[in-house]
Amino acid sequence: MANPFLSMNSIRKSFGNVKALEDAKFHLEKGEVHALLGVNGAGKSTLMKILSGVYEQDEGEILLDGKIVHLRSPKVAKEQGIYCVYQEVDTAIVPELSVAENIMLDTIATHNNLFISTSKLYKEASNALKQLQAENISVQQPAHKLTLAEKQLVLIARALVSSAKIIIFDEPTAPLSLHESAKLFSVIHQLKAQGVGCIFISHRLPEVFEISDRITVMRDGTLVDVFQTVDATAEDIIEAMLGTSLHQEQHTSNYPLGETLLDVKELSDGHKLNNLSFTVSEGEIVGIVGLVGAGKTELAKALFGLELLTSGSVKLSGKEVRAAHPKDAISAGMALIPEERRKEGLFVHESLQTNASFPNLRKFSNLLFMNKSAEKSFAKDIIKRLQIKTDNTETPLIHLSGGNQQKVVIGKWTSRDSILYLFDEPTKGVDIGAKADIFGLIRELAESGKGCLYFSSEIQEAIGISDRILVMYNGQIVKEFSRGDATQERILLYASGGKEE
Amino acid sequence: MQAVGKKNKLKENGIQFLFKYGAIALLIIIILYFSSISEAFLTYANFTDILRSISIVTLLALGVTFTLVVGGFDLSVGSTMSLSTVVTASLMVWYEMPLWLVIILPILVGVLVGVLNSFLIVVLGIPDLLATLSMMYIVAGFHRTYTEGYSIYNNMPLTAGGTAPGQLSEAFLWIGQGRMLGLPVPVWIMLGMVLIAYVVLHHTRWGRVLYMTGGNAEAATLSGVNIRKVKFAAYVISGIFASMAGILFTARVGSGQIDAGAPMLMEAVAAVFVGYSVLGAGKPNAIGTFFGAAVIGILLNGLTILNLPYYAFDIIKGAVLVSALAVTYVYAKKRFTQTG
């Protein structure tokens with residue numbers, strides 16, 4: 001093949017000691033829709049951030065139309081015609097400005113004239129929308145009135161008026177309805193016909209097969225394979241995404257399960273969660289697995305009283321729980337280990353002791369006054385039991401590693417005798433050694449008869465820890481696997497919206 | 001490479017030192033300086049004077065401390081104090097009420113302002129600075145309207161004709177002007193309140209909940225704290241402290257001056273921020289606030305001895321506030337970048 005329109009060769013990028021990209025490659029033709037796939041952490045977004053000028057590569061070259069380009073900043077990338085439609089469209093939209101001004105934003109920002117003709121602005125903006133067959137959007141209304149899908153179109157139009165040659169779509173369909181996605185695809189077909197190269201990042205395989213011409217799969221910061229979409233099957237892609245030799249030992253301790261502890265029936269929040277039913281028994285670890293945006297965190301928060309339910313029931317030990325605030329969930333016997341540890345789980349500037357006693361201050365006080373020696377001995381107790389690496393209960397948590405911080409988040413609930421633990425991505429940002437400790441802790445909790453819900457997008461880890469796995473896709477539970485049946489391939493297939501024949 | 005590292009380390013230690021001991025060092029320098037130029041400065045009489053003069057600001061500042069602890073702010077304390085001052089005086093001078101009502105009613109007024117503040121901030125979600133700024137003007141307007149722009153004093157002529165029937169009683173004036181066990185009564189009240197605030201903030205369950213709400217509202221919620229209630233309580237407490245300051249001011253001056261609290265806001269806020277860093281607390285705290293008020297009080301006292309014109313005092317107060325803020329925020333920035 002002749003020189004491709006865009007080629008990124010031997011790209012390397014490290015953040016500190018962590019290698020994000022190692023000899024990564026990517027090629028794109030004019031008028032092609034090229035899907036970029038990989039599991040979390042494969043390096044997709046780093047590569048795209050380099051292409052859009054957000055990061056600069058440590059090594060490697062980027063050629064555009066055969067010429068080497070240095071994309072030092074997003075501005076330079078845009079000048080070269082490279083645009084990105086981010087998943088969070090709101091970060092790129094100025095809500096108070098009109099649709100026209102939003103479409104022309106880059107042009108206005110680089111304009112040399114002090115005065116800007118409004119009529120010209122409106123005309124160019126509506127031309128761009130016409131090209132996208134979106135004339136129904138009025139260019140004069142403020143952008144905050146638009147739906148998410150319409151805002152996305154505004155961003156695409158913004159790329160068009162600046163005669164974009166490459167547009168990166170980062171999970172564009174995640175917030176869209178089926179109908180809106182179909183509309184987006186017809187827009188992408190249009191762009192393609194105009195010779196624009198489109199890079200399409202998505203976790204949803206059916207869409208990838210529908211829209212793309214080629215598929216590049218990345219793993220561990222490097223290119224694994226490039227498929228012609230017509231020749232590829234879902235199984236091929238998933239195998240490439242996962243690699244092969246990934247199987248780790250599953251835990252086999254088969255202690256008897258107790259009675260049903262948590263009974264969730266037909267739970268919906270009228271927004272993301274749609275008719276979920278499942279149970280957790282005493283001593284059971286149930287994994288809830290899904291890709292980013294599947295609704296796992298929403299489910300954890302709904303159970304814990306942070307999101308309102310529109311229908312359904314939650315029973316804990318046979319008693320109906322109507323949690324309107326986390327304090328209701330806590331007094332019913334639940335504990336949440338939240339996903340964003342520093343933001344939601346800890347007071348990082350406070351000591352281990354202060355953090356550990358906080359969920360149960362009554363236990364550590366006489367009448368109103370804090371009993372600091374009781375606090376201290378509890379803190380010492382969890383340091384010992386959870387093998388937290390610190391010798392001082394007064395150390396502010398900010399000085400502890402991620403894994404040790406996570407142990408504090410788990411340990412602080414053990415003073416309450418909670419009966420159901422919700423773990424939301426508990427191994428995120430935790431090193432391997434601490435990970436093993438945390439798995440050990442979860443198993444200990446289960447062995448002592450507690451119920452555990454393990455929310456994760458790390459499929460392999462979920463297989464390793466869970467007695468049973470529920471797969472979520474698009475706010476629903478689409479498949480249940482018992483231990484032994486679950487393989488990474490099968491789970492990923494269901495989590496990406498596929499089905500086994 | 002190593003030399004650079006050493007230099008950075010030195011700089012870091014310097015900032016750390018300034019943060020922990022800066023306020024105390026400043027206090028010692030001020031005291032040494034003023035006592036070297038004036039014999040009248042380092043005397044028991046002058047120090048009880050200073051303590052009495054800071055008692056009102058300290059009460060005000062304790063209220064601000066509570067709102068800062070929960071991650072809010074209260075700019076309306078000065079106006080609330082003014083309102084409480086004129087209400088207190090009017091209850092005695094205009095309406096001849098008994099002493100216990102003269103104490104209780106102004107405090108209820110303070111509670112009311114606190115409730116309104118929390119309504120704006122917690123229920124409507126208006127940012128604290130803006131909500132309490134608006135409240136500051138509304139309350140100031142109320143207190144001037146209430147007195148028709150006049151201060152309230154014994155035997156004052158009334159707009160309706162005749163003179164006011166009541167008097168500020170001796171028992172009431174004792175609160176502001178009396179002495180007990182060698183110290184002025186306002187000093188005892190101040191020390192008592194500092195002690196109560198200290199115990200509540202640092203040794204009770206409530207204090208823990210207040211600090212955690214301010215430290216990380218999301219994590220506090222996930223631990224089962226109703227942060228709306230906690231913030232509500234903090235603004236009400238702030239209102240109560242402001243109205244106590246007003247009562248004390250009336251008793252001290254012997255009349256209900258209008259706009260009594262307005263100039264005190266700045267001093268109170270400065271006191272809290274100087275107190276932030278006392279002994280490296282790194283957060284608003286009761287002892288620090290008292291200490292901050294003392295630093296400012298001593299500074300102003302010394303400058304009075306030096307015959308600095310009164311109208312220049314705001315420059316000094318402002319400079320103290322800015323320096324305290326600078327130390328606090330530079331340190332905070334360091335603390336965050338250190339750990340990424």
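Each residue, glycine too, has its Cβ placed from N, Cα and C.
Bear in mind that the values here come from a model prediction, so they are computed numbers and not experimental data.
Here TrEMBL flags B:21-44 (among others) as transmembrane segment.
For B:50-70 (among others), the entry in TrEMBL reads transmembrane segment. Note on the transmembrane segment (B:50-70): residues 77-78, 81, 128, 183-184, 186-187, 189-190, 193-194, 197, 201, 210-211, 213-214, 227, 230-231, 234-235, 237-242, 244-245, 248-249, 252, 261, 264-265, 267-269, 271-272, 275, 283-286, 289-290, 292-294, 296-298, 300-301 of its chain, located 6 or more positions outside it, place their CB under 8 angstroms from a CB of the stretch.
Under 8 Å from some Cβ of the transmembrane segment (B:101-122) lie the Cβ atoms of residues 72, 74, 76, 80, 83-84, 87-88, 91-92, 128, 131-132, 134-135, 139, 172, 228, 231-232, 235-244, 246-247, all in the same chain and six or more residues away from its ends. The transmembrane segment annotation in TrEMBL covers B:101-122 (among others).
Taken from TrEMBL, the feature transmembrane segment applies to B:129-146 (among others).
Annotation source TrEMBL lists transmembrane segment at B:181-201 (among others). Within the chain, the transmembrane segment (B:181-201) has long-range Cβ neighbours (under 8 A, six or more residues past its boundaries) at 48, 51-52, 54-56, 58-59, 62, 65-66, 69, 174-175, 207, 210-211, 241, 244, 248, 251-252, 285-287, 289-290.
The transmembrane segment annotation in TrEMBL covers B:232-254 (among others).
If you look up TrEMBL, you'll see B:260-279 (among others) marked as transmembrane segment. Below 8 angstroms of C-beta separation, residues 19-24, 56-58, 60-61, 63-65, 68, 75, 77-82, 85, 136, 140, 242, 245-246, 249, 253, 285, 287-293, 295-296, 314, 317-318, 320-321, 324-325, 327-328, 331 of the same chain, each at least six residues beyond the ends of the transmembrane segment (B:260-279), sit close to that stretch.
Look at TrEMBL and you will find B:286-305 (among others) tagged as transmembrane segment. Non-local neighbours of the transmembrane segment (B:286-305) in the same chain are 23, 26-27, 30-31, 33-34, 38, 40-41, 46, 49-51, 53-54, 57-58, 61-62, 64-65, 190, 194, 197-198, 201-202, 267-268, 270-279, 313, 316-317, 320, 324; each lies 6+ residues outside the stretch with a CB under 8 Å from one of its CB atoms.
Taken from TrEMBL, the feature transmembrane segment applies to B:311-332 (among others).
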Surrounding residues of the transmembrane segment (B:129-146) on its own chain - C-beta under 8 Å, 6+ positions past either end:
73-76, 78-80, 82-83, 85-87, 90, 113, 116-117, 120-121, 258-259, 262, 265
